[in-house]
Amino acid sequence: MLKILSGDQVKELDRIHIQNAGISSHELMERAALSFISWWKSMEFPKNLPVFVFCGAGNNGGDGFAIARLLFKEGWEVQVFRCFEEGSVLSADAQKNLDWVPEGVLIYDWKEFNSSREGLLIDSFLGVGLKSPIRNSAVPIIECMNSFPGTKISIDLPSGLLADSPTFGPRVKADFTVTFAFPKLALLFPENSSFSGKMVLADIGISESEYASFPTSYFFLQEKDILSRHRVFGQFAHKGDFGKVALVAGSKGKMGAAILCSKAALRTGSGLVTAFVPEDERGIIQSAVPEVMCEFDENTDWNKFDALGVGPAIGLDKKDLLQDILKACSKPIVLDADAITLIASNQDLISLIPKNSILTPHLGELERLIGKSTDHLDRLMKVKEFCMKWQLNLLIKGAYSVLSLVDGRQLFNSSGTQYMATAGAGDVLTGMLTSFLGQGYAPENALICGVYHHGKAGELAGQQNRRSTIASDISENIGKTYTLLNVL
Ligand SMILES: NC(=O)C1=CN([C@@H]2O[C@H](COP(=O)(O)OP(=O)(O)OC[C@H]3O[C@@H](n4cnc5c(N)ncnc54)[C@H](OP(=O)(O)O)[C@@H]3O)[C@@H](O)[C@H]2O)[C@@H](O)CC1
Ligand SMILES: [K+]
C-alpha cells in the first residue's frame, strides 16, 4: 500500500531516491515532467489551444519550465508566465530548467496574462514547499489564474493549498491536479475537492520500499493491493466454505434495505444468507430474493452464523435486540445505519461490540457517534482515537472513503464514483462486508476487499448508467469486479 507522506517528508524522500537511483535532483524533476507529459497525451486536449504555464521560483516552478519545454517539443504553442520578480533567485533546478526553455516559448510576467484568451492553463506556481498561508503579494497571482475560465491543471498541488492541513486562504481552483509519487493528504479532503478537481497520480519511479523508513498512519489503497487480500477457494469448496451469514435488516416500509444487503451478500459469494426481518414482511424479501432464507426468532443462537450484519433500516425501537446480539456475539460483526444511531444514543453499548467489528456510519451517523468535527483532518483524528480506544474498525464514507483500522492506520480508498451517492448503496456495502467476514476473511481484509469491490462495482454501474445508477446496479456489477481483478 502506498504511504501518504507529509509535505515535509518529500525532500527527504527525494534525497533517499536520488541516492538509491544514482540520479541528480534535476533528473528526478525531468522524470516528473515526463510523467506529466504522458498523462497530458492521454487526455487528447485540442491541439489548436495554446498552453499557458505559470511558474514559481521553487521546484514546483522548475517542473513547469520543464513541462513548457517538453510540450513545445511536442508541437504545442506554449507561453510561460513568471510568478516572481525578474532577477529573483530561483532554486537551482528551476533555474536550470528556465535556462533550457527554448526560444520559441515566450516568457512573460504574470501581470501580462490575458485571461480572456482561450487555452489550457498549467499552474506550477507553488507546491509542497508552501508551509504557511500564502503571502499577500501572491494573492493576485492566484486570483489571476482563477479568473481564467478554461481548463486549469495544477502541478503537484493547487497553488495556495497546504499539503496536509486545512487551508483557508486563496488557492487555485483546478480541474485536474497531477500529483507526484503519492497523493498529498489535502487532495483527499472533501472540503478541497472544488480546488483539486480530479486527482491524477503520476509515477516518478520511486519504489514503495524507499518509503519504508517513513512513519505515517495514512495509506492510499489501489487496485494492485487487493488481490493478495482475497482468500482462494479451490475446486472442492462447498457452500459451508463460502460462509453462512445473517443480516438483521428491514422494517415495515423499508424492506428494500433487507433485500439489498441480502442480495449483495449472495453476489459477493456467501454460501447461505439468512435475513432476520419482521415476520409480517417476509413475503416481500422471499419473492424478491428466493435464494435468501428468513428467520424471525430473535432468541436465536447468533453464534451459529459465520458472520452477522446488523442495522440497515431495523428502526430505532430495536435497542433491546441490538443489545442482546452484541452480548451474545463472540466474533466481529458489521454494524450499520440504525444500529449505529442506537449505539450513538446509548454509548454504554460501545463496550459490548465484539473487538475488531466493522462500523459503517454515514457522516450524520458518525457525527452522532463521535461528535462534530471542525474539518476532515479533525474527523480523521477523532475516528482514529475512537478505533484505537475501542479496538474497532470504522469506515468514513465518501469520495476516498477512509478505512480506519484498530491499530490507527487510515487507508484512503481509490475506487468509487459520485454516481454511488444513491439510496441503498450503503445497504449493499453492509451485505458485501458481512459476506467477506463470513467467507473467513480477517476483518481488515473483509473491510479492504468490501470497500474496494463496492467502489469498483459502483464505477462499472456508473459507466453504464451515470446518474441513473441505483443500488441494485452496484450489486449486479459485483461479479464483474471479480473478473476484472482476477479473483477466482
Ligand atoms: N518527490 C517529489 O515529489 C518531487 C517534487 N518535485 C516538485 O517540487 C515541488 C516542491 O518544490 P520546493 O520544495 O522547491 O517548493 P515549492 O512548492 O516550489 O515552493 C517554494 C516556493 O514557494 C515560495 N513560498 C514559500 N512560502 C510562501 C508563501 N507563504 N507565500 C508565497 N510564496 C511562498 C518560495 O518563495 P521564497 O520563500 O523562497 O521566497 C518558493 O519560491 C513539489 O511540489 C513538486 O512540484 C519534482 O520536481 C521532483 C520530485
Ligand atoms: K502548483
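From the backbone N, Cα and C atoms, a Cβ is placed for every residue, glycine too.
Unlike curated records, TrEMBL annotations are generated automatically.
These numbers come from a predicted model, not from an experiment.
The annotation (6S)-NADPHX binding site is assigned in TrEMBL to 59-63, 127-133, Asp156, Ala257, His362, Asp427. As annotated by TrEMBL, K(+) binding site applies to Asn60, Asp123, Ser159. Per TrEMBL, the feature AMP binding site maps to Lys397, Gly398, Ala399, Tyr400, Ser401, Gly426. Sequence annotations record features per position, and here TrEMBL assigns domain 'YjeF N-terminal' to 10-212. Positions annotated as domain 'YjeF C-terminal' by TrEMBL: 222-485.
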Query - Spatial separation of Gly398 (AMP binding site) from Val128 ((6S)-NADPHX binding site) - C-alpha basis, Å - result: 25
Query raised in the report: For Ser159 (K(+) binding site), which residues of its chain lie six or more apart in sequence with Cβ-Cβ distance below 8 Å?
Result: Phe54, Gly56, Asn60, Asp123, Phe125, Leu126, Gly127, Leu130, Ile134, Ala138, Ile141, Ile142, Met145, Arg171, Val172
Query raised in the report: In sequence order, which same-chain residues at least six apart have a C-beta under 8 angstroms from Ser132 ((6S)-NADPHX binding site)?
Result: Leu162
**Report entry** Set of same-chain residues at least 6 away whose C-beta sits under 8 angstroms from Gly426 (AMP binding site)
**Finding:** Pro312, Asp336, Ala337, Thr360, His362, Lys397
Report task. Could you tell me which of the binding-site residues Asp123, Ala399, Tyr400 have their C-beta within a distance under 6 angstroms of some atom of ligand 1? Result -> none
Requested in this report: Would you list, in sequence order, the residues of this chain other than Asn60, Asp123, Ser159 that have their CB within 8 A of the centroid of the site's CB atoms, where the site is the one recorded for K(+)?
Outcome: Phe54, Gly56, Gly61, Gly64, Ser124, Phe125, Leu126, Gly127, Ser154, Ile155, Asp156, Leu157, Pro158, Gly160, Val172
Query raised in the report: So which of the binding-site residues Asn59, Asp123, Ser132, Gly426 sit close to ligand 2, that is, with a CB under 6 Å from an atom of it?
Result: Asp123
Query raised in the report: Of all the Cα pairs drawn from Lys397, Gly398, Ala399, Tyr400, Ser401, Gly426, the residues the record ties to AMP, which distance is largest, in Å?
Result: 15
